[in-house]
Amino acid sequence: MELSLVHPAIKAFMCGSFSGTCSTLLFQPLDLVKTRLQTLQSGMQPGSGRVGMMSVLLGVVRTERLLGLWKGVCPSFVRTIPGVGIYFSCYYSLKQHFFQDKRPGAGQAVMLGGGARTVAGVAMLPITVIKTRFECGRYSYVSVSGALRSVCQSEGPAALFSGLMATLLRDVPFSGIYVMFYSQIKASLPQEISSCPAAPLANFSCGVLAGVLASLVTQPADVVKTHVQVHPHLRTAEAIKYIYSEHGLQGFFRGAVPRCLRRTMMAAMAWTLYEQMMAHIGLKS
């Protein structure tokens, strides 16, 4: 089929999927380190040398070899390739429907990003649960399909949607805040930058700044989400009480550094690649 005949929303899906694939492969080690930090045994005191980002990273390499840093990359791909595609497809469709002839304002950008993330987050939550369990190192799953069968048989299908509320509380604000900052920062740049060779670098820099701000705001929800998905007997409110009783307020910011690095760099790379590919095929992102 000629690419020109493909529906624009499908083109956006394809561009988003490709950008998500590249960013996931590159930054998966940061996601694994973040998950390990958030699920350390409660007996390990925050702030000790054993719970630092580098010590966890070196520990994984020492016990699981270098490729161990990419543990969980298969479910990450299964989630990211369609998930990011769904996100950008929804984002493009919503933007074209509501803001075809104008630039969305700050509040409208929040709703635009949050709406697209809600659809993608709910659709891909079962794979997110499996990915989190792969990364934490406490489950001996062999494959994504085997893990899905195991969870359904031993815990019931509902377990695949554990952490739904925490996931939405993390991802929807993150995406909304990210799109708001990203669009506003880009709009403040001189017009000539968008057409010069340095445009991808400028877009990436805007994405990095927006990602840092959005990551810090949503970090506590990410910690809660991880605990609920690793310990399915916990509800969201129980997970919050557990984290606070074991680690205090600082427990809600465990894994903040690797997550901030990963989410920021992944989002910046995904948006930069998405916009460049959309421009290449003649669509306004």
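All positions are counted from 1 along the displayed chain.
Cβ atoms here come from the backbone N, Cα and C positions, even for glycine.
Mean model confidence of the repeat 'Solcar' (7-97) amounts to 83 (pLDDT, 0 to 100 scale). Taken from TrEMBL, the feature repeat 'Solcar' covers 7-97 (among others).
The repeat 'Solcar' feature in TrEMBL is assigned to 108-188 (among others).
Taken from TrEMBL, the feature repeat 'Solcar' covers 198-280 (among others).
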Summed over the repeat 'Solcar' (108-188), the DSSP helix, strand and coil counts are 69 helix, 0 strand, 12 coil
